[in-house]
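Trainee: Annotation comment: TrEMBL describes 70-318 as domain 'G-protein coupled receptors family 1 profile'. Feature annotation from TrEMBL assigns transmembrane segment to 55-78, 90-112, 132-150, 170-188, 233-255, 267-290, 302-320.
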Amino acid sequence: MLSPPPCVVFPLSDFTIHLSRLQRGMRKTKNTSLDSVVTDFILLGLSHSPNLRTFLFLVFFTIYILTQLGNLLILLTVWADPKLHARPMYILLGVLSFLDMWLSSVIVPRIILNFTSASKAIAFGGCVAQLYFFHFLGSTQCFLYNLLAYDRYLAICQPLRYPVLMNGKLCTILIAGAWVAGSIHGSIQATLTFRLPYCGPNQVDYFFCDIPAVLRLACADTTVNELVTFVDIGVVAASCFMLILLSYANIVHAILKIRTADGRRRVFSTCGSHLTVVTVYYVPCIFIYLRPGSKSPLDGAVAVFYTVVTPLLNPLIYTLRNQEVKSALKRIIAGLGAASENK
């Protein structure tokens, strides 16, 4: 008969040593995982030559100041003049100016900061807030452009029914709906983006915290995020743009029926300028968000148009070229002059 193999007995001290080594290894792995969690991001900003740093600082600083002053002027004019704030179109333009001021403030100061020697770091929470407010304000503005196009369509194509179809109460409801929809959109995008783990690197190759640039740093699969970005932003923005073009196509058709050449010229001028601003806003958005996985160096330059240029153009195109706004400004200035003389 075969005898059973001898039983090998490990000393208790050896077992304790092995257990201690295993525990140390687990603690090391855990600490490494915790240390690798990103707590802030570095915004690399716009690519530029060091020789142009001062020039670009002055350009963007000037744009920011002009954007704030121009939109503030329109906002105060609409609020102060009874003839303007009683009409839906100017209520919409006042809200647009308010949005432009905040949208510019979310993005442009960070761009300006990147042209200085200050730190380019942004806290994780700051990055979340910037992404949320950018998409909240940007999508609200997107919906507002549609409301402006719809308002112009009703005013030109159905002038007799316009006071009924677009009254103050309906205008307020539509504006509130745009704000709510924008807030929901911003919340969805911020939640989906930052639910992913970020364990390094932390350098965002962009001038602000936006979805495509931040997703490149995620330590997980981003397929779902890219699909949601494609549908929720790219397709929605493209659909809104097509609806605006359809509205203006009907407007052009109605303009061609105007008998006087001066009437056609004035309406064409207004609609043409509106379409210019809308195109500058929507086309770059569609270009970027319909390509969520893109790493093109052109994306940053394209994004400047709808984050920096459009808020500057809106007060110039939508209102300061408007005869009624000019008249309101003259009345306000005349009123202030008369008040100062009475003192």
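FYI, residue positions are counted from 1 along the chain as it appears here.
Every residue, even glycine, has its Cβ placed from backbone N, Cα and C.
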Trainee: With contact taken as 3 or more Cβ pairs under 8 angstroms (pairs 6 or more apart in sequence), are the transmembrane segment (90-112) and the transmembrane segment (267-290) in contact?
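Mentor: When sequence-distant Cβ pairs are counted, the transmembrane segment (267-290) does not touch the transmembrane segment (90-112), since fewer than 3 lie under 8 Å.
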Trainee: Please figure out which one of 55-78, 170-188, 233-255, 302-320 racks up the most CB pairs under 8 Å against the transmembrane segment (132-150).
Mentor: 170-188
Trainee: Can you tell me which parts of the same chain pack against the transmembrane segment (55-78), counting only residues 6+ beyond its ends and a CB-CB cutoff under 8 A?
Mentor: 46, 48, 84-85, 90-91, 93-94, 97-98, 100-101, 104-105, 108-109, 111-112, 115-116, 308-309, 311-312, 314-316, 319-320, 325, 328-329, 332
Trainee: Are there residues at least six beyond either end of the transmembrane segment (233-255) with Cβ under 8 Å to its Cβ atoms? List them, or say none.
Mentor: 135, 139, 142-143, 145-146, 149-150, 152-153, 156-157, 189, 211, 264, 267-268, 271, 274-275, 278, 282-283, 285-286, 289-292
Trainee: So what pLDDT does the domain 'G-protein coupled receptors family 1 profile' (70-318) average out to?
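Mentor: Across the residues of the domain 'G-protein coupled receptors family 1 profile' (70-318) the model's pLDDT averages 87 on the 0 to 100 scale.
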